[in-house]
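For reference, the structure discussed in these notes is given below.
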Amino acid sequence: MAHLDSEVKEECLREDLRFYFMNPCEKFRARQQIPWKMGLQILKIVMVTTQLIRFGLSNQLVVAFKEENTAAFKHLFLKGYSGSDEDDYSCSVYTQEDTYDSIFFAINQFHRLRNLSLGTLGYGESEDNRIALKVCKQHYKKGTMFPSNETLNIDSDIEIDCIHLDLEALSKDPQDWKNSSFFRLEFYRLLQIDISFQLKGIDLQTIHSRELPDCYVFQNMIIFDNKAHSGKIKIYFNSDAKIEECKDLKISGSIQKNTQYVLVFDAFVIVICLASLILCTRSIVLALRLRKRFLKFFLEKYKRHVCNADQREFINQWYILVIISDLLTISGSVLKMEIKAKNLTNYNLCSILLGTSTLFVWVGVIRYLGYFQAYNVLILTMQASLPKVLRFCACAGMIYLGYTFCGWIVLGPYHNKFENLNTVAECLFSLVNGDDMYATFAHIQQKSHLVWLFSRLYLYSFISLFIYMILSLFIAIITDSYDTIKKYQQNGFPATDLQEFLKECSSKEKCQEESPAFLSSICCLRSGHKNTQLKSPDVRSLTDDCPSRCAQNPFVWRPH
């Protein structure tokens with residue numbers, strides 16, 4: 001009797017395992033179980049993508065408004081601005097007279113802003129709640145310098161002096177504040193001049209897209225950088241735009257109704273993602289319970305533990321990806337609703353959350369493509385080659401970092417693409433892909449013959465090593481994995497303990513080989529086994545024999 005109970009227990013476990021490793025279509029054929037998760041994921045793809053597109057269009061308006069206002073500020077407050085930055089700075093001056101003219105020009109433009117600006121701009125209050133413009137200068141404490149005699153006596157301590165010019169002071173005779181002692185500059189001690197002021201504006205272009213407008217606060221700063229004392233003062237313009245809730249909005253029309261529709265749509269997306277999150281979490285919990293049953297049974301019957309590879313087969317990594325995607329979508333949707341209601345203004349964080357979640361949602365589509373053999377080969381190849389590729393990239397990365405540091409320290413002063421580590425890494429990555437090779441060779445300055453010769457040796461060796469050797473080995477690793485997968489599909493995959501257990505038949509059944517319907521399935525369902533006897537008629541096909549080619553193994557793509 002105990003032996004019969006053991007056989008019944010074993011057969012029940014085998015049936016549960018076979019059913020677990022079926023894809024949704026096979027589960028429907030076996031038990032008429034509707035694939036709720038699959039339908040929910042398809043609906044979620046449509047909903048999340050629609051939500052992302054709507055938010056992306058709104059975010060583009062926000063970014064465009066900030067960039068266009070920054071460009072307008074540069075034309076308004078920088079004298080002689082050409083319309084494009086010279087480098088990482090906006091423009092530069094080379095004489096004392098030009099420096100004074102540029103400073104006074106910015107101050108006068110601030111005073112006349114209401115009569116000059118084409119935008120919806122107004123004055124903002126400074127830190128002390130005054131509508132004023134703040135000018136600060138940094139200079140060495142004291143010192144004397146005689147370059148002709150090569151003598152220098154200077155105190156390296158830095159002093160900072162500031163002056164506030166409000167609209168009332170600027171309305172008076174300009175000579176009163178221009179002739180003040182503050183603007184008597186000693187350029188050999190001068191390090192930096194900062195002109196900071198605050199402006200406010202309203203973005204009205206959102207009304208055309210039936211959205212409530214945003215109110216902006218622009219914290220602007222003009223920096224005259226003379227730290228190099230090279231005879232060239234670089235002028236930087238920095239504008240930090242912050243979105244604030246408008247205090248009093250009175251807009252007639254259908255904008256408010258459109259906002260409510262969008263909020264309802266976002267709420268529906270949250271509900272869909274919550275349902276998906278609950279279903280996937282439930283599936284993982286049930287899978288862990290099934291694994292616990294299998295581990296206990298295997299230890300009792302075979303007196304040994306199941307290998308780690310078989311234990312990992314119970315955890316569907318697609319479910320983990322879906323759960324992460326759902327959490328990101330829910331967080332991003334809540335933040336988007338707050339932004340829509342003008343309670344929060346963090347567009348960047350919201351775009352990161354929604355963009356990443358949409359990426360994961362579309363990556364999850366690969367799971368359903370794995371049901372087809374042609375796509376399954378690609379997915380299996382990626383899965384099998386990934387560990388080898390990561391190990392190879394770790395080794396190649398050491399060489400890449402060596403070239404990065406070497407190029408930065410040697411070629412940095414002579415080539416704009418090697419000025420900092422970030423640009424060096426980007427330049428080398430472009431060379432690996434065959435982009436911009438001639439320009440990289442040609443732009444090196446020939447001021448030093450030794451550096452010029454080194455640059456040739458450096459670039460030729462890097463290109464030869466990475467394109468002809470490292471990339472070829474990289475492709476060979478993926479090709480080897482592809483050949484291995486093709487061979488296994490033709491000759492059968494290596495069997496594991498879990499596969500052998502699923503292929504076993506009870507003493508009353510007759511084991512027969514059948515060709516699989518899907519290579520990725522654990523058990524290939526087939527009808528027509530007249531002699532198969534089950535406890536329940538609705539799971540009759542679950543005891544069909546499981547061919548070795550569709551049994552679970554480390555290389556088989558497992559759609560659930």
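Cβ coordinates come from backbone N, Cα and C, glycine included.
Any TrEMBL annotation is an automated prediction that lacks curation.
Here TrEMBL flags 62-247 as domain 'Mucolipin extracytosolic'.
As a summary of secondary structure, the domain 'Polycystin cation channel PKD1/PKD2' (348-485) carries 118 helix, 0 strand, 20 coil according to DSSP. Marked as domain 'Polycystin cation channel PKD1/PKD2' by TrEMBL: 348-485.
The feature transmembrane segment is assigned by TrEMBL to 261-288 (among others).
Long-range contacts of the transmembrane segment (318-335) within the same chain, counting only residues at least 6 positions beyond its ends with a Cβ under 8 Å from a Cβ of the stretch, are 41, 44, 48, 51, 266-267, 269-270, 273-274, 276-277, 280-281, 283-284, 344, 346, 349-350, 353-354, 356-358, 360-361, 363-364, 367, 560. For 318-335 (among others), the entry in TrEMBL reads transmembrane segment.
TrEMBL lists 347-369 (among others) with the feature transmembrane segment.
Long-range contacts of the transmembrane segment (389-411) within its own chain (CB-CB distance under 8 A, at least 6 residues past either end) are made by residues 418, 420-421, 424-425, 427-428, 444, 451, 454-455, 458, 462, 465-466, 470, 473-474, 477-478. The transmembrane segment annotation in TrEMBL covers 389-411 (among others).
Sequence annotations record features per position, and here TrEMBL assigns transmembrane segment to 457-478 (among others). For the transmembrane segment (457-478), the list of distant contacts is 381, 385, 388-389, 392, 396, 399-400, 403, 406-407, 410-411, 428, 431-432, 434, 437, 440-441: same-chain residues at least six beyond its ends, Cβ to Cβ under 8 Å.
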Please average pLDDT over the domain 'Mucolipin extracytosolic' (62-247) for the predicted structure.
-> 86
